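> Let me begin by handing over the structure; questions about it come next.
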Amino acid sequence: MHGFEVLADPVRRRILELLAGGAQTAGEIVAVIGREFSISQPAVSQHLKILRDQRFTVVHKDGTRRYYELDPAVLVELEGWLAGLHPPVLAALEALETEIARGKRERRSRDVVPPTIRRPDERRRSS
């Protein structure tokens, strides 16, 4: 599963948002996610497993409790991948902006009606 597939799920994104505030026990996560998404403890556990397997979280055991926290390494990796898209996307947006401006100029120049040109013999008649 690719990192963005992990992030595609709203439940997993919400779990990561919770963990951005600091480590939480599995029980604390289940309580919030279960309430917000109306899903069972096993369903939340499955999401936690995916996050752990894909290196989005690390787990620390303290007795019988499991504490989940964000693993920043995978976030840095995804951020680097996105940064690689930045220059080509910016270049494409700048080219689009140039084309839009050119189109607007062309439209304005077509909308301007040139003054009526009279033949020399018409000017004499109106004078």
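Yeah, the Cβs are placed from backbone N, Cα and C, and that goes for glycine too.
When I checked TrEMBL for this same protein, it listed these features:
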DOMAIN    1-102  domain 'HTH arsR-type'
REGION    104-127  region 'Disordered'
COMPBIAS  118-127  compositional bias 'Basic and acidic residues'
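Show me how these features fit into the shown structure, please.
For the domain 'HTH arsR-type' (1-102), the number of residues in each DSSP class (helix H, G, I; strand E, B; coil) is 72 helix, 14 strand, 16 coil.
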> Can you tell me the mean pLDDT for the domain 'HTH arsR-type' (1-102)?
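Averaging the confidence scores along the domain 'HTH arsR-type' (1-102) gives 91.
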